[in-house]
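Per Swiss-Prot, the feature active site, nucleophile maps to ASP102; the stated evidence is a curator's inference. Marked as domain 'S4 RNA-binding' by Swiss-Prot: 1-68.
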Amino acid sequence: MRLDKFIAQQLGVSRAIAGREIRGNRVTVDGEIVRNAAFKLLPEHDVAYDGNPLAQQHGPRYFMLNKPQGYVCSTDDPDHPTVLYFLDEPVAWKLHAAGRLDIDTTGLVLMTDDGQWSHRITSPRHHCEKTYLVTLESPVADDTAEQFAKGVQLHNEKDLTKPAVLEVITPTQVRLTISEGRYHQVKRMFAAVGNHVVELHRERIGGITLDADLAPGEYRPLTEEEIASVV
């Protein structure tokens with residue numbers, strides 16, 4: 001990779017600005033100042049900007065994050081903090097959420113810079129299952145599981161929801177597995193049967209389950225098995 005392209009990616013600036021910084025003697029390779037923007041970087045090179053090391057990125061990246069409340073899954077929001085706050089990774093701004101959560105919803109968020117991989121999670125034709133732990137305002141009705149298994153009519157929607165699986169844990173806490181990703185779907189499904197979601201926590205996406213060792217705001221790389229489970 002050319003040095004100016006690498007610096008542009010790392011700093012989030014244009015190639016022209018990156019070239020200016022290089023010519024300004026602010027970039028070193030293996031401890032030596034390099035002023036040639038076209039310098040060919042090799043994987044073993046150590047690059048620094050103003051003395052701060054810059055890590056070269058090799059291949060796509062995949063992480064799971066335990067999202068706390070109060071953060072949005074977009075990578076740039078003028079009004080709210082984003083989940084990128086938690087990711088201490090080079091050029092973290094290149095990562096995106098493979099399946100977003102609302103600002104008040106907690107739990108599993110998958111972050112990647114592999115667009116094809118995330119498409120297999122978010123595309124409706126792949127029917128990727130997601131499991132949520134749901135806390136309800138009122139005790140769940142006896143026939144809710146049956147209604148969800150058949151599909152319910154959401155407000156302002158033409159088609160019924162696809163069959164969903166409801167597991168009752170306590171009268172006001174349930175586990176719901178769905179295979180589509182309509183707008184605010186879980187909250188709207190319970191509204192359709194006369195209940196209200198108080199808390200919502202995503203536990204699973206496809207074959208990837210939130211690591212119980214991750215506290216809110218913590219993240220880790222996905223394992224090879226977890227990455228390969230998204231097909």
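Quick reminder: no glycine exception, Cβ is built from N, Cα and C everywhere.
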*Quick one: DSSP breakdown of the domain 'S4 RNA-binding' (1-68) into helix, strand and coil?*
18 helix, 19 strand, 31 coil
*Please list residues from the chain of ASP102 (active site, nucleophile) whose Cβ is under 8 angstroms from its Cβ, counting only those at least six apart in sequence.*
HIS184, LEU200
*Averaged over the whole of the domain 'S4 RNA-binding' (1-68), what is the pLDDT?*
92
_Using DSSP and collapsing to three states, where does ASP102 (active site, nucleophile) fall: helix, strand or coil?_
coil
